[in-house]
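Read through the structure below, which is laid out as structure tokens, and then see the notes.
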């Protein structure tokens, strides 16, 4: 297996343009996310360089651009705040350790080939937690948007402090933030071809703050340390280890989802197919290295990836070029960033938060499915007010329960029992003949489709509806999968029939279905001679074994079908 991503020089010009353009987009976003996280602008910048470089080098999506993203920043903001509050001296170092641990989780997910399962999550849950993350990012920008420091306590703390924030608003900084949002929102599309709106807003906001409001006390980034970052060795504390592990697992899983969803977008634009497991390994390596050098964790960024592709990027070389361009800018122009107003960065992050919210699905979710909409709203509320683990866990659980209920209801209709020719079951002429000759004494019990645990009740109900018969033919020809619970229900039906002296025949038990019945020792109730591959033969032998019908008091040949 190739260790590195797909890199060649046949598309050098396109990759060069894509990488440079993606770097221009990344610069203001990295600054904004670094400040928003509480780790500082430097952490955001180095996260953009390091995650982007290693994810591009070792990942499985040639055109993916990786960097700190809105969802990852929201989680890291909470991690940094909680660890710094618990240990002011080592909290930030432990937060970077969490980023490294998150990367190790991602590498493990990739090596275990769990990539294909990461995005197998109901869209209502994905939409809900992404929208919740967007709302959190918007709320967390309210304080710097109003020209003040972010209060402690995250979302709840910000909402509680909102009256005080509004009463002490700094109009100039709020004006700069509003101007930033306005430029990003309303910049004409034809201008965006020449310069990304985030960079335009960053430059204009900084120039205006210096030229028009230079004599005012405006909060700015301040000095950014020049030179390469120092090595941040992992720091652990016994009393914080459990929290760090949980935070790392959440951050790692969120990064996996974020990256692979963006990889799907890249596939649709380039008509290629990414390697999800390889991508997770690349993302993990990037985050381990970023945490090791004091950078924020990152994931696949939709905006940067789309811009890269639209500018001509087609191989991982574009991601490597982007990282190198950012590195040169950081080393050569770090001092210029010191004058950037925090309100401008808050405006950029605010707009990112608004964009993360899944407005398209929010507007029509209730038209698609009321239950799905309720799940999405519940996940949003839990994400914003409780935490991401509870939101995703509860959302996935409820969504899966509802899905299983629907599947069980559909599969229950495939459990049928008849004692004469019936339109519900497609029978051949011979099968109809033998059922008619059975005169109600032979019952055909048919199961079809995957038999999951929700169908067990239908099997029991159908079996309980049987009144009188001398022989039962269990047709499993169309059962590709027999779950444990459904197997036990079938075993119970066969055992009860045998105890009542009824002849039992099994048709079409092959593969996984047969192995499951063998493990449950169901065939102890059924002689080997009563196991058939052909339903017609089973019905014929069942009727012949019973002999001629002798009494008018024997069971009626009318249908005893019950369908669920």
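Quick reminder: no glycine exception, Cβ is built from N, Cα and C everywhere.
The shown structure was predicted, so the numbers you read here are calculated from the model rather than taken from an experiment.
Copied over from Swiss-Prot, here are the features:
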| type | residues | note |
| --- | --- | --- |
| BINDING | 69, 301 | hydrogencarbonate binding site |
| BINDING | 258, 262, 300, 302 | Na(+) binding site |
| DOMAIN | 432-542 | domain 'STAS' |
| TOPO_DOM | 1-11 | topological domain 'Cytoplasmic' |
| TOPO_DOM | 59-70 | topological domain 'Cytoplasmic' |
| TOPO_DOM | 87-90 | topological domain 'Periplasmic' |
| TOPO_DOM | 113-122 | topological domain 'Cytoplasmic' |
| TOPO_DOM | 146-170 | topological domain 'Periplasmic' |
| TOPO_DOM | 186-196 | topological domain 'Cytoplasmic' |
| TOPO_DOM | 212-240 | topological domain 'Periplasmic' |
| TOPO_DOM | 270-275 | topological domain 'Cytoplasmic' |
| TOPO_DOM | 293-302 | topological domain 'Periplasmic' |
| TOPO_DOM | 358-369 | topological domain 'Cytoplasmic' |
| TOPO_DOM | 406-564 | topological domain 'Cytoplasmic' |
| TRANSMEM | 41-58 | transmembrane segment |
| TRANSMEM | 91-112 | transmembrane segment |
| TRANSMEM | 123-145 | transmembrane segment |
| TRANSMEM | 171-185 | transmembrane segment |
| TRANSMEM | 197-211 | transmembrane segment |
| TRANSMEM | 241-269 | transmembrane segment |
| TRANSMEM | 276-292 | transmembrane segment |
| TRANSMEM | 303-312 | transmembrane segment |
| TRANSMEM | 316-338 | transmembrane segment |
| TRANSMEM | 342-357 | transmembrane segment |
| TRANSMEM | 370-390 | transmembrane segment |
| TRANSMEM | 393-405 | transmembrane segment |
Q) Can at least 3 Cβ pairs under 8 A be found between the transmembrane segment (342-357) and the transmembrane segment (241-269), with each pair 6 or more apart in sequence? A) no
Q: Name the range, of those listed as 91-112, 316-338, 370-390, that has the largest tally of Cβ pairs under 8 Å with the transmembrane segment (41-58).
A: 316-338
Q | Three-state secondary structure, which DSSP defines for residue 301 (hydrogencarbonate binding site) | A | coil
Q: Other Cβ atoms within 10 Å is the metric here; tell me which of the binding-site residues 258, 300, 301, 302 scores highest.
A: 300
Q) What counts of helix, strand and coil residues does DSSP assign across the topological domain 'Cytoplasmic' (1-11)? A) 0 helix, 0 strand, 11 coil
Q.
Quick check for me: are there 3+ Cβ pairs below 8 Å between the transmembrane segment (303-312) and the transmembrane segment (241-269), leaving out pairs under 6 residues apart?
A. yes
Q. What else in the chain is close to the topological domain 'Cytoplasmic' (59-70), if you only count residues 6 or more beyond its ends and a Cβ gap under 8 Å?
A. 5-6, 18, 22, 26, 29-30, 33-34, 37, 44, 47-48, 51-52, 133-134, 137, 258-259, 262-263, 266-267, 269-270, 272, 274-283, 286, 296-301, 304-305, 307-309, 313-316, 318-319, 322, 349, 352-353, 355-356
(Q) Give me the DSSP three-state residue breakdown of the topological domain 'Periplasmic' (87-90), ordered helix, strand, coil. (A) 0 helix, 0 strand, 4 coil
Q. How many helix, strand and coil residues does the topological domain 'Cytoplasmic' (113-122) contain under DSSP?
A. 4 helix, 0 strand, 6 coil
Q. When DSSP states are folded down to helix, strand and coil, where does residue 258 (Na(+) binding site) land?
A. helix
